[in-house]
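So the structure is just underneath, and the comments pick up after that.
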Ligand code: ARG
């Protein structure tokens, strides 16, 4: 909980007849400095005291100001606005910010969260939707982790389904092994596209494809060999993308992993008499929920996407011990998840209440859409390369002497894409502009990275390292310096920056509560802006040693926090740009 609120509650305690916790709960952080640092609304007291809230605020202000407290109180309507004495408070706020684990908590201790993310499909390109799922899911996983939860990330690869039948038939007819070796995903995609064109003329192709998939599900050797071949080259390509994005998974368990687990689900559904025949297929009716029936087995007895997700959810609950099951999957699959969760509920499975679909909107790149069927695809690798090349051009102009410019460009270019995604509310549809996302003076990842690098540069010039700053704070030296440091951090810009930094733990908690990495991304933008204001308004490296120390410690807190926050979102933080 915010230090500021805790402390304000302690100050207020002697004057009101409320418990500490209750005061903390009531306190608010006002939108601007004129309304104080913390505000106490007097409505709750008005009900118990049966007096007007404004009169209570007025009286409290008088009593508090009469007592020579390190706080100034001002009544404004029904609010009691508290202004902290900055000189005393700046060092107190600053000290904890310098701990390298600032922002971490044990809030989720004992809870296991299983996050389904990324989950691209074999033999198809890694789509923009998969990119969003990877980035949002990865950020959520990291935020949950630092909040004390035990997190298990699972990449639920789409490695099963009728599309493999199509691919096998297409490969048998038109496939070219050499081409496939050279550019596996592009080649299999064009096979897939060709299949869809030719099937218009020759409907028997569809039957052939179905037969292949049937063979695959029933252990046919040739089908299995082909399948494995497609899986291995796709995974190689995906892994390259993950390495560039710096994302790792605890488990990569494709849909095929659940092959031997679906029989039990189907049997259980039969036992519970939930399966019904519908045009030769087996479905579970969901009329009560106002949902269309959920397809479980197709006419030829082969399984389908929802069947596999039923087995998956039960496995994650029962075998993996998940307390909360999150699915970071595009909004277009809302119906699918509603159906799967509803079937689990009909089965009386406890896990039904532990599942949460976290949808997100579509993203276009510079107006370009993507569709796997028609083959108008933008490949992610190409987008990443373009971003890195553009980042390199900007960096080379800004700082021609920079060492390791290529690595920095990789961090900034990819960071621009990741941040450009995560700064938006996840449900928003994004028309992504690379140029915009790369602007160093905008609401961008590079802006935050650049600000962090600026803070690191100051530390280097001033001869202070982050670990030295941490030691100083832990040794109590900052607290001991007290007002001697405080007097140099009492300007509005420094004070606003400090207060923002102190709210980092709440930003993480709120981002988790809403399952919204954008809350953290916005927080980092805001913090970076405040630090830049301080940087531009005040001299940091001065002749006065104490002043320089105090201000450098603030820069250290900024560098440390921006790096920690960017890491949670999946961005790197170069110390020089
Ligand atoms: N492979 C699927 C797709 O690309 C996403 C899988 C999401 N996860 C799940 N458990 N259904 O559409």
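For all residues, glycine too, the Cβ spot is worked out from N, Cα and C.
Just so you know, TrEMBL annotations are computer predictions that nobody has curated.
TrEMBL lists motif ''HIGH' region' at one of the ranges 109-119, 120-130, 131-141, 142-152, namely 120-130. Here the motif ''HIGH' region' (120-130) has Cβ contacts under 8 Å with residues 157-159, 163-164, 167, 184-185, 188-189, 192, 230-231, 234-235, 237-238, 241, 254, 330, 360, 362-365, 370, 372, 377-380 of the same chain, all six or more residues outside its ends. Residue counts for the motif ''HIGH' region' (120-130) under DSSP (helix as H, G, I; strand as E, B; rest coil) come to 3 helix, 1 strand, 7 coil.
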